[in-house]
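Per TrEMBL, the feature active site, proton acceptor maps to Asp625. Residues or ranges marked as active site, nucleophile in TrEMBL: Asp799. Marked as Zn(2+) binding site by TrEMBL: Cys837, Cys839, Cys842, His867. Residues or ranges marked as domain 'tRNA-guanine(15) transglycosylase-like' by TrEMBL: 546-899. The region 'RNA binding' annotation in TrEMBL covers 780-786, 804-808.
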Amino acid sequence: MDSEEFRQRGREMVDYIIEYMETLGERRVTPSIEPGYLRELIPKNAPNKGEKWKEIMSDVETKIMPGVAHWQHPRFHAYFPSGNSFPSILGDMLSDGIGAIGFSWAASPACTELETIVLDWLGQMIGLPQEFLSFSDGNSKGGGVMQSSASECVLVSLLAARAQKIKELKVVHPFTEDGVLLSKLVAYCSREAHSCVEKAAMIAFTKLRILEADEDLSLRGATLAKAIEEDRALGLVPFFVSATLGTTSCVSFDNLAEIGPVAKEAGAWLHVDAAYAGNAFICPEFKYLMEGIEYATSFNTNPNKWLLTNFDCSTMWVKDRFKLTQAMVVDPLYLQHSHSDKAIDYRHWGIPLSRRFRALKLWFVIRNYGVEGLQNYIRQHCRLAKRFELLVKADERFEVCNNVRMGLVCFRVKGEDQLNRKLLSKINASGKLHMVPACIHGRFVIRFCVCAQDAKDSDIEYAWKVISDFATELLDDESVDEKSQIKLTNEEANDEEFVQHVGNLEISELIDLMEKVQFPMQKNHSKPAMSRHPLTFQVLAQCKTTKAKCSLMTLPHHVVETPVFMPVGTQGSLKGIIPEQLEQLNCQIMLGNTYHLGNRPGPDLLESCGGLHNFMGWPRNLLTDSGGFQMVSLLDLAEITEEGVKFKSPYDGSECLLTPERSIEIQNAIGADIIMQLDDVVSSTVSGPRVEEAMHRTTRWLDRCLKAHKRPESQNLFPIVQGGLDPKLRTESAKQLMEREVAGFAVGGLSGGEGKDQFWRMVHLSTDLLPNDKPRYLMGVGFATDLVVCCALGCDMFDCVFPTRTARFGCALVDSGQLNLKLKLFGQDFRPIDEKCDCSTCRRYTRAYLHTVATIETVACNLITVHNVAYQLRLMRNIRESIMNGTFVEFIFNFMDTMYPKKDFPVWATDALRAVNVDLIDRTKEQNPDS
Ligand SMILES: Cc1ncc(COP(=O)(O)O)c(C=O)c1O
Ligand SMILES: [Zn+2]
């Protein structure tokens, strides 16, 4: 093949790959052929003379493709994803073109140097401690390397640990044979560890002790400590512990924070295998799962699994590269070079001498997607897995068997293993989906992994439909079988012995039997019980001083990190900002107003286009209010009766009635992920019997809303705590609402003109009453100080029109308060609104420019709104990060000092914070909940 032909065939190959990717979905996901199929199709001997390219390619389609399992297929849900993306394919193509063998620095300097740099990049993205990186300072001992598989990373670590330990033992026992010392070494891993650990120990000829994991399939420190103690008593020497973050069977996480100190005390090398889940640590919300990583000696993750990079690309880091290489250095003359002392020679970091230029593809991928693009990819997979989990949980025939945190859901039909085996084999045989099994707590489970690079909601829905249809068919067959052989499962006939075989039955009897047997099935299939909500709430970190916490709330359209601020959109759009910009700002949930949407475009139109998400092109979560508040606040003529809110339409003056049922009907048509009950809103300045009446009516209206709610499987209905400023009524209201089965709670009737002193006390009381394991949404709160204080008081969700409304008047939010950009003093100010802000406005526009256009040009509204939303979201992110890091109290101090540089803190805020053990005035006082 000459260059000219390569040019042509290369282009054809790219076209073939694109065509393959785009039409993949039309193929069977796994082949239906028997072993040896290819022998029949391909000649016994290699061709003597070269063949035409066309003939070769034609055999690809007719002979090879029929035997390919399509790992990139949208219906492939087996194992873990197999990394793949166009930039990565191009990287490998270039590496092949260069065709260098980079075993030493001199053998191809760029090959070595790029690998070191890209490993530093990825190590930083993951958040590995500095010691693992090679750049950190001039004489760092750490660094990263690419191996071809996680198995190799584990083996190499174990070999290095073995060499290290024998060297140590030699000092004490200089005359003992190596083989004798070797016989004393023992390594540890959990039963859930990948089999490659066992293989490594086998190759290295060392003992391996496999330990039991806990209920959550996590290896605990105490288990390891006990095993080590027993082994030491037998004269054995612990030398290696392999911990797993994201196990193969169910993506469980060993408890590094506990294991780390035990391994350290025992003088053992701690390797952390995070082949799959390690990639997710590039997202800040998952870093908590790495807690204890500072104890690790080495760490590996496979970008060729879950970071869009083609096999082979297994990245590994060590804290001390000399400990790694001492086990592997051999230095013949023909491999030495003049820069050996200064440069890294990767041949000493692993088993093979020859190495490809693999860093190119990872470099291409990271640059082409950006950290943000890669984070979005990971988050999409995690969200879809959560979506799948919710579908499984909503079907009473099934159970979910793992803690779903990443892209894997393990599930099973409630019942015998045999039933699940049958279900999986039927599904796989159909070629409609491909999944593999695992064993969890001794039971057969089916693993569903989100694998396709651009996996979509529709793929998840399709997969669930296939699974649930096969289950229905199988369970029907089973019940008939069971029925015909043993006894009825039907409630009414529970103990009735059934002796006749189906074959002996008359048709009419058979139909009768089918009905009887199917009845309980259909009942199981009915609407999910009210305890199952399309919302999960996982507390990640709880502040040790205040009531603040950081959680992950998973909703049908996106994962939400809380505490969260939700920007408010009105007619299905946020004034002055478009959905793409909100996505770019990493906004995970926004608010829509039911009152406005109900008028325009109206529920019928929304229903016909599948809801507001589709209508406005917003793929993430939505929350809608009930519409009641708008009526009471916007319309003078509203009148509230037991039936609902009566008002005159501002559009045509006609008399209208918003009942709880109607509010839910509209909200069901809008389709938001969280919807609110219609509540009886009384101005917070009103007192007396009206407040009590409103509180009780709110509970009655909640019951009507719950009853009217038609889509509990995809929308969460939140009740609203009322009771004005009366602690007794608030307490009673919360108590009544908590008796209902709901996924979260809102605190309403505040931030409406009451004194701040009463405001915070009511918030404090409400969060004391409401459960900590469900989201608490404080309605209508959005000033920065209020957000910080109310997070400390234990609220998780907030909304307010203020940041976007004030932007329209030319006011920009900054850490020290607000800048009124219309003021003359900004006319010549060429700084951005905020030098530290990375929003698209601050990156490009000056205060002077914004001063000129503010409130005059519509574009100014967009520019300032983008910044204000970015400000709110960043504030919440900083709050979350400080809670996660255990530095929330310091964060509060810094925040308040910046906002009030003269230390004129509002009295209410000082009091509120003191109620949660934070003293703004006397900071020497230990910030301690018991003091
Ligand atoms: C946790 C874990 N470790 C190791 C491996 C083995 O990976 P490799 O094929 O790269 O050797 C896997 C594969 O799924 C895994 O899940
Ligand atoms: Zn900005």
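Here the Cβ of each residue, glycine as well, is placed from N, Cα and C on the backbone.
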Surrounding residues of the region 'RNA binding' (804-808) on its own chain - C-beta under 8 Å, 6+ positions past either end: 567-568, 574-577, 818, 855, 861, 864-865, 867-869
Pairwise CA distance, Asp625 (active site, proton acceptor) versus Cys839 (Zn(2+) binding site), rounded so that it is a whole Å: 29
Number of Cβ atoms other than its own within 10 Å, given for Cys842 (Zn(2+) binding site): 22
Counts of helix, strand and coil residues, the region 'RNA binding' (804-808), according to DSSP: 5 helix, 0 strand, 0 coil
Candidates near ligand 2 among the recorded positions Asp625, Asp799, Cys837, judged by a Cβ under 6 angstroms: Cys837
Distance from Asp799 (active site, nucleophile) back to Cys837 (Zn(2+) binding site), taken between C-alpha atoms, in Å: 21
Least surrounded among the binding-site residues, given as Cys837, Cys839, when other CB atoms within 10 Å are counted: Cys837
Neighbourhood of His867 (Zn(2+) binding site), C-beta criterion under 8 angstroms, separation at least six: Ala807, Ala812, Leu813, Ile833, Asp834, Cys837, Cys839, Thr841, Cys842
Other same-chain residues whose Cβ falls within 8 Å of the Cβ centroid of Cys837, Cys839, Cys842, His867, the recorded Zn(2+) site, in sequence order: Pro832, Ile833, Asp834, Asp838, Ser840, Thr841, Arg843, Val866, Ala870, Tyr871
Secondary structure tally of the region 'RNA binding' (780-786) (DSSP, helix then strand then coil): 3 helix, 0 strand, 4 coil
For the active-site residues Asp625, Asp799, the one whose C-beta sees the most other C-beta atoms within 10 angstroms: Asp625
Assigned conformation of Asp625 (active site, proton acceptor) - DSSP reduced to three states: coil
